[in-house]
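Novice: Structure in structure tokens, see below.
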Amino acid sequence: MVLVITEPIKSQSKTVCVIGAGPSGLVSARELKKEGHKVVVMEQNHDVGGQWLYQPNVDEEDTLGKTKTLKVHSSVYSSLRLASPREVMGFSDFPFIAKEGRDSRRFPGHEELLLYLKDFCQVFGLREMIRFNVRVEFVGMVNEDDDDDDDVKKWMVKSVKKSGEVMEEVFDAVVVASGHYSYPRLPTIKGMDLWKRKQLHSHIYRVPEPFCDEVVVVVGCSMSGQDISIELVEVAKEVHLSTKSLDIPPGLSKVIEKHQNLHLHPQIESLEEDGRVIFEDGSCIVADTILYCTGYEYKFPFLESKGRVEIDDNRVGPLFEHTFSPSLSPFLSFVGIPRKLIGFPFFESQAKWIAKLLSGKTSLPSSDQMMQSISDFYLAREADGIPKRNTHDIADFNYSDKYADYIGFPHLEEWRKVLCLSAILNSIENLETYRDSWDDDDLLQETLQDPYFTQLSIPSV
């Protein structure tokens, strides 16, 4: 398909509201600032970091996260460590290097990544643009009754301060960078609503001690399900891991063989009022707690787009390249929606594209062409057997390079791809130890000689 690029918008400074001060919001603010736009970042918490701003206190009254407005944004648990080596995670001009007196591990804890984001914020002077303790309640078009897709839309943003003060402001553009690891995605299980014992989603899991001597069923074999199960076996009486497929990777098999109180099961058939959990193979246990590690929903409860951006089975769309609503671009955009890629460099390429579009330095295809591209993408995913709910799961380094080509952003360095793949393969084989034991030292030493680490002028903090 040949895309015909439309005329750029007029070059002038725009007023832009960025929603969220996590990694995607911070890099968006940085790129917009570089292009001379007037930026306001609205952040509901007291500091930067987004998901990486650990919140030890959870909502005990809403253990499954069913309320429209969650009290707690972060889903990070106390022991969480990065699943990718720090070398691959930094932005293009700000390596995530170890610093004296801090967590220097290759796979550091969440606290270290938060400090990296705070350093990034300080070095590039972003804090002055951020309003903390401000929750965005509404985003909608000012001229919403005008159905002309080519008309420039302005956006009303209604926000509420922690004090209760309500503000209404108009912006030229809005960048949604509010994350997607806060609203629990729950399975549908027979008897789930009638089960009287403790049920919670991993969104509110923080430490293992409350589960001491319990029989715990962990539903879901994703990264969090595996990590939390490994942690729980040290304190729980029994841990029963329920998964869609019993064809598990070697690393998880080793963990199960090592821990006699960790058991693997198929999916749950039903939950009984007397505490029994019946699995699809007919086996049954009596549990104290069910912990759902079943992922998260994309939700933007503040956004009113008149149906132009909707969420259907966790597909946010239609979005051109997971970023732009064809009929509202470039004045409404999303940063950070794709998953299963090297996140920070990708967020940066998204932010650069948005900032340059708003400056009039580049253009998008026509609305019709973007819609056709989206349709072609959906059909290709369907042909590959990828469920709609996994629309934004990329798992393809080449996609990041293709995306970068839109704005002339450099491709992912080969060492990033190699180190990331090495970590993935090591985790498959050695789930319990891969963060502390690896066999790619030769690759690592070669990587650390790259100009990214040796020649880049890294501002001090």
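A Cβ is built for glycine as well, from the same backbone N, Cα and C atoms used for every other residue.
What you are looking at is a predicted structure, and each value in this text was computed from that prediction instead of being measured.
Here's the feature list from Swiss-Prot:
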type    : residues                           : note
BINDING : G20, A21, G22, P23, S24, G25       : FAD binding site
BINDING : G220, C221, S222, M223, S224, G225 : NADP(+) binding site
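Can you tell me where each of these features sits in this structure?
Specialist: Long-range C-beta contacts of G20 (FAD binding site), restricted to its own chain and to partners at least six residues apart, with a cutoff below 8 Å, comprise V41, M42, E43, G50, V176, A177, S178, G179.
When secondary structure is read from DSSP and collapsed to three states, G220 (NADP(+) binding site) falls in the coil class. Cβ neighbour count for G220 (NADP(+) binding site) (all protein chains, 10 Å cutoff from its Cβ): 24.
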Novice: Enumerate the residues of the same chain, G220, C221, S222, M223, S224, G225 excluded, that satisfy the criterion Cβ within 8 A of the mean position of the Cβ atoms of the recorded NADP(+) site; list them in sequence order.
Specialist: S202, V218, Q226, D227, I228, C293, T294, G295
Novice: Round to the nearest Å and give the CA-to-CA distance linking G25 (FAD binding site) with S224 (NADP(+) binding site).
Specialist: 24
Novice: Quick one: Cα separation, S224 (NADP(+) binding site) versus G22 (FAD binding site), in Å?
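Specialist: One finds 20 Å between the Cα atoms of these residues.
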Novice: Within 10 Å of the Cβ of G25 (FAD binding site), how many other Cβ atoms can you find? Include all protein chains, please.
Specialist: 28
Novice: Other than its own, how many Cβ atoms are within 10 Å of the Cβ belonging to G225 (NADP(+) binding site)?
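Specialist: Neighbour count, Cβ to Cβ under the 10 Å cut-off: 22.
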